[in-house]
Amino acid sequence: MLAARRLLGGSLPARVSVRFSGDTTAPKKTSFGSLKDEDRIFTNLYGRHDWRLKGAQSRGDWYKTKEILLKGPDWILGEVKTSGLRGRGGAGFPTGLKWSFMNKPSDGRPKYLVVNADEGEPGTCKDREIIRHDPHKLVEGCLVGGRAMGARAAYIYIRGEFYNEASNLQVAIREAYEAGLIGKNACGSGYDFDVFVVRGAGAYICGEETALIESIEGKQGKPRLKPPFPADVGVFGCPTTVANVETVAVSPTICRRGGAWFASFGRERNSGTKLFNISGHVNNPCTVEEEMSVPLKELIEKHAGGVTGGWDNLLAVIPGGSSTPLIPKSVCETVLMDFDALIQAQTGLGTAAVIVMDRSTDIVKAIARLIEFYKHESCGQCTPCREGVDWMNKVMARFVRGDARPAEIDSLWEISKQIEGHTICALGDGAAWPVQGLIRHFRPELEERMQQFAQQHQARQAAF
């Protein structure tokens, strides 16, 4: 999610009026959701089947991978571009375009693919499920993605706390080497490709691509200034693409079933299937693969068993992980779960980690806790983030008690705007957006709490 820079500053294209004529063009899809089982890419999401090589092959992994590799980088990039796949780590940048930055004449330096498995966003656990239950999808995805970029090797940077997941991944890599699927002459294609696992040490900031690269190199995980971008100077000073686990893992299936198949799901510019995490006040917290642009209400009601106490008991939802602004129940009624629809709703898809809060939630305290997290995880390199997030944390602690004045709400908003967009990476943005969402939708609750505190304070003084 640290890659999700300036999402709220984006704009949607103007609405286009459609005229129906007598041609045979199929009408645009208007309803989304209810993904069929045969269209699911992640078929072992809940670990009900064997995750090792034989089990993975029985579910279609490593099928005709040699043919995909032999078709070459241009063909793979063409299918990924046709699919409309956008980065699944939060930023939503077109994957085919990003990968094509690496597909240029070599200057003698090796190229690398780095997979960001440092999943530290509160509420997010989709990549963990892929690595734990479907590790071969990721390993095969590294090979296919690496071939598209002309990469020599892939480094999978995995969160240090994911001990069991790292173990499963290492087993899957060993099995792939022993079967000749990766390494020298991978899959018999004549293409050499290695895969390495690098364990992180728990720093959230290493989810930012350049901080992750610094960590791989053995340095302190602090974001780099850009340019130069990783595609020019990345890990070990070589051209590098950093990609999310889910983004990489879906690429072999896109190549096998065709980019047009993947593009048939979701709205235009928001195509494909997506893993959604649903947690919080729901009857059945889960991770589920669903079509992009599925209505948020349907996602919660159908897959998570609904809000505890019923839909009318819903207070607010954080739709894309802790760094995206919350939206109230009134917006949740109709909003679609895709990049553009959520930007229009003044929030973002982020990592698609849906955090549901019912009416029992102290919404001010919940957001204050998130700000405390970002204050703790700031690397301290940028002054607006280091000082501003610490200041916001102190103010939010007083807002929880109500020990503040209404004018301070505007001050907090202004500080959040001064942090947003003024830092090297997007951690400052991720800390500012939850505060902005709270003020935008729950300002009356903040003012009421301050009023109650003032009345109680006056009553105590009168008692003396």
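Every residue, even glycine, has its Cβ placed from backbone N, Cα and C.
Taken from Swiss-Prot, the feature transit peptide covers 1-20, and the record attributes it to sequence analysis.
According to DSSP, Lys81 (N6-acetyllysine) sits within a helical segment. When other Cβ atoms within 10 Å of the Cβ of Lys81 (N6-acetyllysine) are tallied across all protein chains shown, the result is 17. The N6-acetyllysine annotation in Swiss-Prot covers Lys81 (among others), and the record cites similarity to another entry as its basis.
Sequence annotations record features per position, and here Swiss-Prot assigns N6-succinyllysine to Lys81 based on similarity to another entry.
The NADH binding site annotation in Swiss-Prot covers Gly87, Arg88, Gly89, Gly90, Ala91, Gly92, Phe93, Pro94, Thr95, Gly96 and is backed by similarity to another entry. Secondary structure at Gly89 (NADH binding site), taken from DSSP and collapsed to helix, strand or coil, is coil.
Neighbour count (other Cβ atoms within 10 Å of the Cβ, all protein chains): 13 for Lys104 (N6-acetyllysine). According to Swiss-Prot, the N6-acetyllysine annotation covers Lys104 (among others).
Gln220 (FMN binding site) carries neither a helix nor a strand DSSP state and counts as coil. Summarising the environment of Gln220 (FMN binding site), the number of other Cβ atoms within 10 Å of its Cβ, over all protein chains shown, is 12. Here Swiss-Prot flags 199-247 as FMN binding site, drawing on similarity to another entry.
Long-range C-beta contacts of Arg257 (omega-N-methylarginine), restricted to its own chain and to partners at least six residues apart, with a cutoff below 8 Å, are absent. As annotated by Swiss-Prot, omega-N-methylarginine applies to Arg257.
The N6-acetyllysine annotation in Swiss-Prot covers Lys375 (among others) and is backed by similarity to another entry. Proximity of Lys375 (N6-acetyllysine) to non-local residues of its own chain (separation of 6 or more, Cβ distance below 8 Å) is seen for Val389, Asp390, Met392, Asn393, Ala431, given in sequence order.
Swiss-Prot lists Cys379, Cys382, Cys385, Cys425 with the feature [4Fe-4S] cluster binding site, giving experimental evidence as the kind of evidence. A sphere of 10 angstroms centred on the C-beta of Cys425 ([4Fe-4S] cluster binding site) encloses 26 other C-beta atoms.
Sequence-ordered, the extra residues of this chain that approach the [4Fe-4S] cluster site, with Cβ no more than 8 Å from the Cβ center of Cys379, Cys382, Cys385, Cys425, are Ile205, Lys222, Pro223, Ser378, Gly380, Gln381, Arg386, Thr423, Ile424, Leu427, Gly428.
DSSP gives Cys206 (FMN binding site) a helix state. DSSP assigns Cys382 ([4Fe-4S] cluster binding site) to coil, not to a helix or a strand. Summarising the environment of Ala91 (NADH binding site), the number of other Cβ atoms within 10 Å of its Cβ, over all protein chains shown, is 22. When Cα-Cα distances from Cys382 ([4Fe-4S] cluster binding site) are compared across the binding-site residues Thr95, Arg199, Cys206, Ile213, Gly234, the shortest belongs to Cys206.
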